Amino acid sequence: MKIDSWLNDRLDIAKEAGVHRNLRSMNGAPVPERNIDGENQTVWSSNNYLGLASDRRLIDAAQTALQQFGTGSSGSRLTTGNSVWHEKLEKKIASFKRTEAALLFSSGYLANVGVLSSLPEKEDVILSDQLNHASIIDGCRLSKADTVVYRHIDMNDLENKLNETQRYQRRFIVTDGVFSMDGTIVPLDQIISLAKRYHAFVVVDDAHATGVLGDSGRGTSEYFGVYPDIVIGTLSKAVGTEGGFAAGSAVFIDFLLNHARTFIFQTAIPPASCAAAHEAFNIRTSLKNMGYVVKGDHTPIIPVVIGDAHKTVIFAEKLQGKGIYAPAIRPPTVAPGESRIRITITSDHSMGDIDDLLKTFHSIGKELHII
């Protein structure tokens, strides 16, 4: 077909650049030792940070809800899809995040898009970090407000942008709490300080911080002891289930319920997923020394920058040949020249697993003349 010829040309461009992707078949529960495409591998790229996705207590909670509510919600929350489990989980999230209320979305992606496409108005401006997640970028694109991008966690540049945007009616500073490709933590205390000085609102996507940062895992707010206006999050990482949420004031949540299209027109996540997530809330430098460029703060994400996309793919293939699954991260997920192996450490990994990982990185790095 004519369309296939055109699409194949576009796919060939991706292949030549080393950024063509394909799917891998993961067999079994999301634990470190998994069978991938028929090969036994140790997985180092999962977001199951606390090991809860395979926790028996979550599975039991989901099974009990499945027996009572069935496999799907069969409607949007505003029609027939709302259940006691959705409401219980929202109350649990609000309590955990120390906000007045929370609202569930089908994913963290849809939560960001829903908030940013509905809340800021035409006379407003969104100030967005340069390395914010794709869902924030897409939400900004769909918003009626203008968008101004500031340099990654550069507070001087953010302040300059705040000075330059004082003509707008309202300003929203939007940032990841933990940046998923670098593992760096946003200086949220400094952002809150600037927001107060310049009368701006702060929206934080805590997808990779919830359950990980802070003394009780409440995220960047607890880590820094500050309170942003709005917190976005996901249930698919440390919480171990599926779905996303927005948390803030009761008025804000009422607004989203009536205006966020990604909430109004979505089928609600299954009650069983809500029950499992509710249970999850109830449970509560060697690489650098080798000579690798290692980014990241005190989070489970450890990005090891290789640089060239083709070499990164080769590195990932050699890892897999040694029984280690850590896929190559390439453009457009990261900038050109920033291709990397993104390692995520989970509570299910043993010290023996970590030792094996380090030894393998050392040998492959030497073989490919990276270190």
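A Cβ is built for glycine as well, from the same backbone N, Cα and C atoms used for every other residue.
The shown structure was predicted, so the numbers you read here are calculated from the model rather than taken from an experiment.
The substrate binding site feature in Swiss-Prot is assigned to Arg21, His133, Thr333. In the three-state DSSP scheme, Arg21 (substrate binding site) is classed as coil.
DSSP assigns Lys237 (pyridoxal 5'-phosphate binding site) to coil in the three-state reduction, placing it in neither a helix nor a strand. The Cβ neighbour count for Lys237 (pyridoxal 5'-phosphate binding site), using a 10 Å radius over every protein chain in view, is 27. Here Swiss-Prot flags Gly108, Tyr109, Ser180, Asp205, Asp206, Ala207, His208, Thr234, Leu235, Ser236, Lys237 as pyridoxal 5'-phosphate binding site, drawing on similarity to another entry.
According to Swiss-Prot, the N6-(pyridoxal phosphate)lysine annotation covers Lys237, on the basis of similarity to another entry.
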Could you tally the C-beta atoms, other than its own, that fall within 10 angstroms of the C-beta of Ser180 (pyridoxal 5'-phosphate binding site)?
23
Take the C-alpha atoms of His133 (substrate binding site) and Ser180 (pyridoxal 5'-phosphate binding site) and report the distance between them in angstrom, rounded.
8
Per DSSP, three-state class assigned to His133 (substrate binding site):
coil
I'd like to know which of these binding-site residues, Arg21, His133, His208, is least surrounded, judged by other CB atoms within 10 A.
Arg21
Taking the Cα atoms as reference points, how far is His208 (pyridoxal 5'-phosphate binding site) from Arg21 (substrate binding site) in Å?
23
Would you count the other CB atoms within 10 A of the CB of Gly108 (pyridoxal 5'-phosphate binding site), including those on all shown protein chains?
26
